[in-house]
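Below is one structure, written out as structure tokens; comments come after it.
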Amino acid sequence: MAEEQARHVKNGLECIRALKAEPIGSLAIEEAMAAWSEISDNPGQERATCREEKAGSSGLSKPCLSAIGSTEGGAPRIRGQGPGESDDDAETLGIPPRNLQASSTGLQCHYVYDHSGEAVKGIQDADSIMVQSGLDGDSTLSGGDNESENSDVDIGEPDTEGYAITDRGSAPISMGFRASDVETAEGGEIHELLRLQSRGNNFPKLGKTLNVPPPPDPGRASTSGTPIKKGTDARLASFGTEIASSLTGGATQCARKSPSEPSGPGAPAGNVPECVSNAALIQEWTPESGTTISPRSQNNEEGGDHYDDELFSDVQDIKTALAKIHEDNQKIISKLESLLLLKGEVESIKKQINRQNISISTLEGHLSSIMIAIPGLGKDPNDPTADVEINPDLKPIIGRDSGRALAEVLKKPVASRQLQGMTNGRTSSRGQLLKEFQLKPIGKKMSSAVGFVPDTGPASRSVIRSIIKSSRLEEDRKRYLMTLLDDIKGANDLAKFHQMLMKIIMK
């Protein structure tokens, strides 16, 4: 119905444009109104007369007769919805007879039909369309009950003559209005207006035209598979359409067991098929149609639970796949948790490294302040009376002044030193070191780090044995030298043996 109403709106707009482009003469309007009056008197010939009038009117398209308005003072007449129009009800709407000649538009109505084709009165349809007609650009369309609440125009606004045109709010409408913004006039009001218009030639300017579509075909409504749109109002319900089922599939229900015992002999029931829970669609085969039973139907005849088993197996496969996905997700989550733990350990390692770097920096700072004294050897040639030679200054490893550690090792106090003689990191102070800091002279006949001097002690013999064992001589020669070492007596013989051994090893 929405598509049909939209088509009516489109045709009405085309009529309006045609009327504006080529106004209709008064003679053509009178002829059309006369034909319309005959249609209203004989409703059975309504459609045939409409076709003749539409074919005879000049410069108009097919739906133009539904929206013809007088532009030259003519008196239009409007089709009624069946016989029974009264000529005595001009005062029911509060419209004087003298104002009936001011009408320049026609009024037509929409009826709402149910699915059986019967007209329903007083039901508002959000998709009913009120089309604009006439040449006047200020003509308006009145909204429905819901939309009159949001209208900017006061309800019951009087016209120029001081009479109320309608009891509903009205608002201007443009060419691109929505179908849901238009109301359906009440059936009683439409009948009253049609009676008044069919009688008098003068009619107040209503400012709207209602298009009356033909009643729907009940047979078409019953066979249509598409539900009819009943609007967007929450108070309305869509009942849809009913379609007779043409399918032959289904399962035959089991018959109840009769409690009474049969009086006669029983019939054999060995070939009776068992009951099934469901059955596939059985298509009747005819030579003309050429249809055959599908292989799936034949397979279903072999076992009633085939589809159930297949569906159960599919469900089991889906459950197995979901369980596998869940297991994989759990593995991924566990790995992510381990990664988070490793991240925490890495952060703790970084903190420990930072602490160690701080400690190393602290140790470097302490080492930079340490002074190491390096004493000299031998006697001072300028002081022959001195027992030992002392280092003229204490040289630090890391750059410091040379006189910093002298106060701790010299006999003289720090205040008695001559500081003016300190130049280029050296001092002229000649004070003696304390006894515990003085070095003893090295004896040439005693073993030291400078060289090994053998004696008659067991330590000297152990050193010579170690020299023989660590040498790269043959094993026989090593055993022979060990035997000679055991036989040597005296310090001189041992010193000669040591010299001979060193010559053999150095070869």
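Cβ coordinates come from backbone N, Cα and C, glycine included.
Taken from Swiss-Prot, the feature region 'Interaction with N0' covers 1-48, and the record attributes it to similarity to another entry.
As annotated by Swiss-Prot, region 'Disordered' applies to 40-100 (among others).
If you look up Swiss-Prot, you'll see Ser86 (among others) marked as phosphoserine, on the strength of similarity to another entry.
Feature annotation from Swiss-Prot assigns region 'Disordered' to 134-163 (among others).
Look at Swiss-Prot and you will find 134-145 (among others) tagged as compositional bias 'Low complexity'.
Under the heading compositional bias 'Acidic residues', Swiss-Prot lists 146-160.
Sequence annotations record features per position, and here Swiss-Prot assigns phosphoserine to Ser151 (among others).
Summarising the annotation, Swiss-Prot assigns region 'Disordered' to 201-232 (among others).
Positions annotated as region 'Disordered' by Swiss-Prot: 250-273 (among others).
Positions annotated as compositional bias 'Low complexity' by Swiss-Prot: 260-270 (among others).
Residues or ranges marked as region 'Disordered' by Swiss-Prot: 285-309 (among others).
The annotation compositional bias 'Polar residues' is assigned in Swiss-Prot to 286-301.
Taken from Swiss-Prot, the feature region 'Multimerization' applies to 304-376.
The feature Ca(2+) binding site is assigned by Swiss-Prot to Asp314, with a large-scale study or a structure entry given as support. Neighbour density for Asp314 (Ca(2+) binding site): within 10 A of its CB lie 10 other CB atoms from the protein chains shown.
Among the features that Swiss-Prot reports, region 'Interaction with the L polymerase' is placed at 361-377 (among others), with the record citing similarity to another entry.
Swiss-Prot lists 396-410 (among others) with the feature region 'Interaction with the L polymerase', giving similarity to another entry as the kind of evidence.
According to DSSP, the region 'Interaction with N0' (1-48) comprises 42 helix, 0 strand, 6 coil. Across the region 'X domain (XD)' (457-507), DSSP helix (H, G, I), strand (E, B) and coil residues number 42 helix, 0 strand, 9 coil.
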